[in-house]
Structure formats: structure tokens, C-alpha cells
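Peer 1: What follows is a structure written as C-alpha cells; I'll ask about it next.
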Amino acid sequence: MQGLEDRTYTSAAEPGDHVTVAGWVHEVRDLGGIAFLILRDTDGRIQVKFEKDEMDEELVETGLGVPRESVIAVTGDVDEEPRAPTGVEITPESVEVIAEADTELPLDPSGKVDADLSTRLDNRTLDLRKDEVKAVFEIRGEIFRAAREAFRDANATEITTPKIVATGTEGGTELFPITYFGEEAFMNQSPQLFKQLTAGSGLERVFEIGPIFRAEEHNTPRHLNEATSIDFEGAFCDHEDAMDVCESVIWSAYEAVAENCGPQLEALGLEDSFEPPAEAFPRLTYEEAIQRINATGELDEQLVWGDDLPTEGEHALGEDVGEHYFITDWPSEIKPFYIKDYDGDDTLSTGFDLMHPRMELVSGGQREHRYEELIAGFEQQGLDPEEFEYYTKMFKYGMPPHAGWAIGAERLVMTMLGLENIREAVLFPRDRQRLSP
Ligand code: ATP
Ligand code: AMO
């Protein structure tokens with residue numbers, strides 16, 4: 001039994017069938033004359049019954065002697081058995097041990113013994129054998145599937161852009177430098193410049209789901225050093241259009257999870273509480289946001305125009321609003337060079353953030369598509385436009401107005417499922433302490 005051709009999944013084993021099931025030894029319960037082995041595969045569990053006096057001794061010895069978490073294949077008849085966990089059981093004819101596990105496990109996949117996050121991440125393969133952990137990644141996959149479908153409905157083409165780049169875009173201090181054939185290069189912080197170059201190319205509407213790299217110094221429950229960004233960019237879009245597309249992608253992701261991930265939500269204990277958000281999120285201006293934060297009285301010092309929103313301020317506002325909401329119309333000085341100002345007011349930008357009550361999920365805005373203004377923006381931010389010539393020069397050859405945004409995928413998963421730490425939403429997280437596995 002190496003291949004899968006004659007294998008039946010546990011959920012498909014019906015009374016009256018003769019099957020071979022394959023998977024992991026979840027547990028063995030020996031009650032004396034009778035013993036049960038619970039076999040686990042990707043979609044469920046099944047009881048295998050060993051009646052010691054009535055079965056071949058070697059078969060019983062193999063079945064009951066194999067350590068937990070070993071991989072086995074069991075062949076036999078399936079019968080109805082109301083006392084079995086799933087209502088059916090297999091009476092084995094043969095048990096093949098495919099991969100025997102050590103008797104000492106670094107982590108208990110049955111979940112009876114708790115493990116801290118660090119031990120879990122060190123032994124992710126075993127950790128992912130738990131239903132509630134696996135469920136997070138099945139849901140994450142469903143979110144990407146739904147996002148791709150929503151982007152297709154928005155006429156956007158999927159692209160991939162380089163991750164090894166010559167310049168940063170999201171602030172100079174958060175770059176990972178690498179050596180590229182003797183030259184300094186960086187891991188990309190965002191597809192920002194490439195998605196803009198593509199939106200101006202005639203593809204017009206593009207999206208990317210890919211890694212971003214940020215050399216964040218701080219260790220928080222919501223920052224990763226390698227994260228996954230869901231990026232959108234559309235030509236002939238303004239920031240309002242971009243926010244509409246953003247709402248539809250987030251809303252579609254929630255809807256798809258509600259519709260297609262029933263067992264996973266149950267594994268996470270969310271079957272009763274999970275609720276997709278409203279289809280349109282409130283849009284507050286930055287000005288309104290700071291007034292409301294100030295009115296909560298949660299901050300020691302009142303916020304004034306031009307201040308970035310401190311984390312406690314975001315939390316206070318999140319509690320006040322109680323659902324997803326956009327913050328629009330930010331001061332230009334605290335938004336990046338590529339964000340366009342409102343026409344006629346160079347202090348007010350079209351940048352926006354989408355907030356979940358717990359944290360920021362998305363940043364975006366309409367882009368500066370006019371060459372002269374773009375160059376001036378670089379200079380205002382202390383960046384050398386020469387270094388970005390590969391980008392800026394395309395703005396001389398017919399660059400339409402365009403807008404876009406990026407969702408932090410792990411933050412979306414984390415807020416959707418109420419996970420406490422962003423590391424729980426990544427298979428193999430990268431943080432200051434963790435470079436492997
Ligand atoms: P036998 O069932 O062959 O007489 P036994 O006397 O060792 O063997 P029981 O006393 O019937 O076993 O059962 C021991 C425990 O196992 C009981 O709690 C019983 O409810 C449970 N049990 C027996 N058969 C099954 C089964 N097929 N599935 C789940 N639980 C079972
Ligand atoms: P920004 O830097 O705000 O915007 O990033 C967009 C979103 O990505 C997520 N994110 C992170 N998630 C986990 N760990 C990190 N270290 C991390 N950094 C960012 C957040 C954030 O809201 N180019 C712009 C987007 C645009 O305008 O299109 C950008 O990168 O959820």
C-alpha cells in the first residue's frame with residue numbers, strides 16, 4: 001500500500017463496504033478482551049476493532065503494538081456500530097505498518113497535553129494533525145480561493161512580481177538587504193511599484209497574492225517578517241472604487257468560509273458565532289477618527305491633525321465602531337510618496353486604511369500618476385528619485401489615474417478566526433527568533 005489507488009477515506013467508509021483505509025494511529029484503547037485503534041486521516045477518524053480471542057494473534061499484536069502517530073493501512077469490513085465514535089467500525093483482516101513513529105513524541109497531536117506556541121511551531125507537522133490547527137489552513141486556502149474568484153469578477157488579472165529588488169517603498173528601515181552578484185539588493189517589502197507599472201501597461205486591473213518581507217524590529221502578536229499580501233491595482237480607478245473592490249474581496253472571503261468551511265469552523269468552536277460582516281463598511285475620515293478617539297478619553301494626550309494613530313487609539317476606536325471600517329482622507333505627510341493628494345489640497349491625501357476592530361487590515365489609495373508631482377513627492381520624503389528611475393520614467397509615457405490596496409492575509413485570517421497570535425495563521429512563521437523550520 002504505497003499508492004493511493006485502492007484507498008478509501010474514512011468519511012467514505014460505509015457499512016457493508018470492504019475497504020483499505022490509511023492514516024495515522026490516533027489512539028489505542030485496550031479494554032482487555034477487546035481493544036480499539038482509532039485511525040485518523042485527512043477527513044476524519046474510524047474505529048478499528050480488535051477482539052483478542054477471535055482474531056489472528058499476529059494481527060492483534062501488530063495493530064495494538066504500533067506506536068501512536070505511526071502511519072498504517074488497515075483492510076477489512078465496515079460494520080455499523082452505534083458505540084463507535086462515528087457509528088461505524090472496521091474489523092481488520094490486515095494491518096500494514098507503513099511508517100512507525102517514535103514512542104516519544106515532542107507534541108501530542110491528540111491535544112490531550114497542551115503545548116506552547118513555540119513548541120507547536122518547532123513541530124508544525126505534528127501540530128497540524130490537530131483538527132483545530134488544520135482547520136485554520138483549510139480556511140486560509142478557502143480565503144485565497146474566494147479572493148481569486150472575487151478578483152475575477154472585478155476583471156483583474158493575477159500577476160507575480162519580483163521579490164528581489166533594488167529599492168524599498170515602505171520605509172527605509174524595514175528592508176532586508178541581500179547580496180545580488182556582488183551588488184546590494186533587498187527582499188521586496190511590497191509589490192507596490194510593480195503593480196502600478198503593470199496597471200499602467202494595458203493590463204489595467206491586476207492582483208497578486210504573494211510574500212512581502214519586512215525587517216520589523218519589534219516582536220508583536222500582529223507582525224511577521226515574512227507576510228502574505230493580497231494586492232490589487234486598477235487603472236481608471238479612484239480611491240472610492242478601490243475601496244469598493246476591497247469590500248467585495250473581504251466580504252467574499254467571509255461568505256465563502258461561512259458557506260464552505262462548516263466542519264473547520266466547528267473544529268475551531270466558531271460554528272455559532274461566525275458571522276460575515278456587513279457588505280459595506282462605514283467610511284470615516286481621519287478627522288472624524290481622531291475626534292472619536294479623543295472623545296473616548298482612552299488616550300493620555302489628545303490627538304491632533306498629523307498624528308499617526310497609536311495602537312491604543314486604534315483599539316479605542318475599534319471598540320467604539322464595533323465592526324470593520326475605513327479611515328479615509330489622511331494627512332498627506334503621513335502617507336507614502338505614491339499616494340495622491342486631493343486635487344487642490346496638497347495636505348489631504350486619498351490614502352485609506354481598512355480597520356478591523358482589533359487592528360489595521362489594509363492600506364491603499366489613489367496613486368500619484370502625474371510625473372512632476374511624483375518626483376516632488378519623492379523629494380518631500382527624502383528619497384532620491386534617481387534610484388527609482390526604472391519606475392518614474394514610465395510615468396512619462398502615458399500613465400492613467402490608478403488606485404489600489406493591499407490586505408495582510410495573515411491579519412485577515414487572524415481577525416476572521418479570532419486567533420490571538422498572527423503566527424497561528426502561518427504554517428512556518430518568520431520572526432526575529434525563528435528562521436526554521
Ligand atoms: P465483548 O464486547 O466482545 O464481549 P468485552 O467483554 O471485553 O468484549 P465489553 O464489556 O462488551 O467488552 O465492552 C467493554 C467496553 O467497550 C464497554 O464500555 C463497551 O460499551 C465498549 N464497547 C464494546 N464494543 C464496542 C464497540 N464496538 N465500539 C465501541 N465501544 C464498544
Ligand atoms: P502596508 O505597509 O500598510 O501598505 O501593508 C499592507 C498591509 O499588509 C499587512 N502587513 C503586515 N502583516 C504582517 N506583518 C507585517 N510585518 C506586515 N506589514 C504589513 C497589514 C497592512 O495593512 N504598498 C502598500 C499597499 C498599497 O497602497 O497598495 C503597503 O504595503 O495588514
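Any Cβ shown, glycine's included, is placed from N, Cα and C.
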Peer 1: Do you know which of GLU170, GLU259, GLU312, GLU314 TrEMBL groups with ARG214, SER363, ARG367 in the L-aspartate site?
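Peer 2: Answer per TrEMBL: GLU170.
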Peer 1: Look up region 'Aspartate' in TrEMBL and report which of 156-159, 192-195, 240-243 it refers to.
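Peer 2: Per TrEMBL, the stretch marked region 'Aspartate' is 192-195.
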Peer 1: Which one of GLU266, GLU271, GLU360 goes with ARG214, ALA215, GLU216, ARG222, HIS223, LEU224, GLY408, ALA409, GLU410, ARG411 at the ATP site, as TrEMBL has it?
Peer 2: GLU360
Peer 1: For a Cβ distance below 6 Å to any atom of ligand 2, name the recorded positions from PRO85, ARG214, HIS223, GLU360, ARG367 that qualify, or say none.
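Peer 2: Only ARG214, HIS223, GLU360 meet the Cβ criterion.
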Peer 1: Using Cα-Cα distances with a 10 Å cut-off, which of the binding-site residues HIS223, GLU360, ALA409, ARG411 are near ARG214 (L-aspartate binding site)?
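Peer 2: Taking HIS223, GLU360, ALA409, ARG411 one by one, the ones whose Cα falls within 10 Å of ARG214 (L-aspartate binding site) are HIS223.
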Peer 1: I'm trying to understand the geometry here, so how far is the Cα atom of GLU170 (L-aspartate binding site) from the Cα atom of GLU216 (ATP binding site), in Å to the nearest whole number?
Peer 2: 11
Peer 1: Measuring Cα to Cα, how many angstrom lie between ARG411 (ATP binding site) and SER363 (L-aspartate binding site)?
Peer 2: 12
Peer 1: Using DSSP, how many residues of the region 'Aspartate' (192-195) fall into helix, strand and coil, respectively?
Peer 2: 4 helix, 0 strand, 0 coil
Peer 1: Could you pull the average pLDDT for the region 'Aspartate' (192-195)?
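Peer 2: Within the region 'Aspartate' (192-195), the model's average pLDDT equals 98.
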Peer 1: Using DSSP reduced to three states, classify GLU170 (L-aspartate binding site) as helix, strand or coil.
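Peer 2: Looking at the DSSP assignment, GLU170 (L-aspartate binding site) belongs to neither helix nor strand, so coil.
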